[in-house]
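Enquirer: Sending over a structure as C-alpha cells; questions will come in a sec.
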Amino acid sequence: MIPLLLAALLCVPAGALTCYGDSGQPVDWFVVYKLPALRGSGEAAQRGLQYKYLDESSGGWRDGRALINSPEGAVGRSLQPLYRSNTSQLAFLLYNDQPPQPSKAQDSSMRGHTKGVLLLDHDGGFWLVHSVPNFPPPASSAAYSWPHSACTYGQTLLCVSFPFAQFSKMGKQLTYTYPWVYNYQLEGIFAQEFPDLENVVKGHHVSQEPWNSSITLTSQAGAVFQSFAKFSKFGDDLYSGWLAAALGTNLQVQFWHKTVGILPSNCSDIWQVLNVNQIAFPGPAGPSFNSTEDHSKWCVSPKGPWTCVGDMNRNQGEEQRGGGTLCAQLPALWKAFQPLVKNYQPCNGMARKPSRAYKI
C-alpha cells in the first residue's frame, strides 16, 4: 500500500491543484458513480447517497469511503478549495444547464446541455465533467453540499487533473458546448492566458463552421484524453452522428431515458450505437438498475479500448444543443465500465450505409 501511495503522490506535481481521491491523496483522475436511491442496504442507500469509486490504482470499482454529500469523499474534497475564505489565487468556472439557483430571467435551455467545473491555480487544476443537476453550490455558499434533487437517480462525475497550459484547450471546447456559467472567477493572469474562457463567461460561442471540435488533452501524470464538443448547429446526435465514427468503434451508450424523443439504437451506419437499458455492478450485491433510474451519461466500446464520460443524452432535442464528452483509452477505465452493461437495445436490422469520414 505504501509504494502505491508514494507512486500516486509522485505522479502529480507538488503544489498543483488536483483531483483528490477517496484516500484523501492527490490522484490524476477518478470517476464517482453515484448510485440510484433504494439500491443497496442501509439508510444511506435508501436516501441515494452511496457511490462507487474508481481511479487508476483502485483495482476496479470500490464502495465510496464516505457519502456523496460529505466533504470527506473524493468529490467533496476536490471541490473544497472553492469554499475556502481565500480564493484570490484561484480561477474557476461552474457551469450547468440546470444551475443551483436558477433565475426567472435566465433561459439556460438555450445553452448547451452540459455540466462541469474548471478549477485551477497558477500551477494547474482539474476539469470535473458530470451529469448532476443543481450542482455544485456557488463559491459564495462557503460549503460543499449535494442537492436533494440529485439523490434519487444515478449520476457520474469524472475528475481529471491537468497542467496549467491545458486549460486554453478546454476554453476552446467550451465555446462549442456553450455552457450556462452560473459562477466564475477569472481575473488577472487567468483572463490574459485564457481568452477563450473569458469569452465563455461573457456568453460567447463559435459563430462559423465547423460546428464540432475534438482536441487531445494530457493530464498531469501524462494520461491522454480526447475531448469532443459540439455546438447546437451541428444538428445531429453526438454518438451516432460523430463519436462512433471518430473513434472507429461500436458504442454502448448509457443516458437518461426519461426524456422526450429518445433516439433508438442506430445501426444504419458502419458503427453501431446501442442504447444501454440496464446497468449491473460486479459481485453478488451489485447493485443493478435500469437506465430509467440512472441520469448518468457515458459510453463504452464493447471490445475496447474507448470509454467516454460526458453530459449528453440521445434524444431529438439534444441534437440541436451543445454538449460533449471526455474519452480515453485507459485500460483501468474500460475494464471498469464495459462489464457494467447488462442489457442494451439491439439493432433493428436497418441497412448500413457508408460512413462519413471523421478524424480524431
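Cβ atoms are placed via backbone N, Cα and C, with glycine included.
Relevant sequence annotations retrieved from Swiss-Prot are reproduced here:
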SIGNAL    1-18  signal peptide
DISULFID  Cys19-Cys159  disulfide bond
CARBOHYD  Asn86  N-linked glycosylation site
CARBOHYD  Asn212  N-linked glycosylation site
CARBOHYD  Asn266  N-linked glycosylation site
DISULFID  Cys267-Cys347  disulfide bond
CARBOHYD  Asn290  N-linked glycosylation site
ACT_SITE  His295  active site
DISULFID  Cys308-Cys327  disulfide bond
Enquirer: Rank aside, I only need the closest one: which of the recorded positions Asn86, Asn212, Asn290, His295, Cys308 has its C-alpha nearest to that of Cys159 (disulfide bond)?
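Expert: Comparing Cα positions, the candidate nearest Cys159 (disulfide bond) turns out to be Cys308.
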Enquirer: Please identify, from the disulfide-bonded residues Cys267, Cys347, the residue with the sparsest Cβ neighbourhood, meaning fewest other Cβ atoms within 10 angstroms.
Expert: Cys347
Enquirer: Cα distance, Asn290 (N-linked glycosylation site) to Cys19 (disulfide bond), nearest Å?
Expert: 29
Enquirer: Name the secondary structure element type, per DSSP in three states, that contains Cys347 (disulfide bond).
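Expert: Where Cys347 (disulfide bond) sits, the three-state DSSP reduction gives coil.
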Enquirer: Cys308 (disulfide bond) has how many other Cβ neighbours within 10 Å of its own Cβ?
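Expert: By my count, 29.
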Enquirer: Roughly how many angstrom lie between the C-alpha atoms of Cys267 (disulfide bond) and Asn86 (N-linked glycosylation site)?
Expert: 53
Enquirer: Give me the CA-CA distance between Asn212 (N-linked glycosylation site) and Asn266 (N-linked glycosylation site), in Å, as a whole number.
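Expert: Computed Cα spacing between Asn212 (N-linked glycosylation site) and Asn266 (N-linked glycosylation site) is 20 Å.
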Enquirer: Taking Cα atoms as reference points, which of the recorded positions Asn86, Asn290, Cys308, Cys327 is nearest to Cys347 (disulfide bond)?
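Expert: Result: the closest of the recorded positions to Cys347 (disulfide bond) is Asn290.
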Enquirer: Looking only at Cβ atoms, how many others are within 10 Å of the one on Cys159 (disulfide bond)?
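Expert: Its Cβ has 26 other Cβ atoms within 10 Å.
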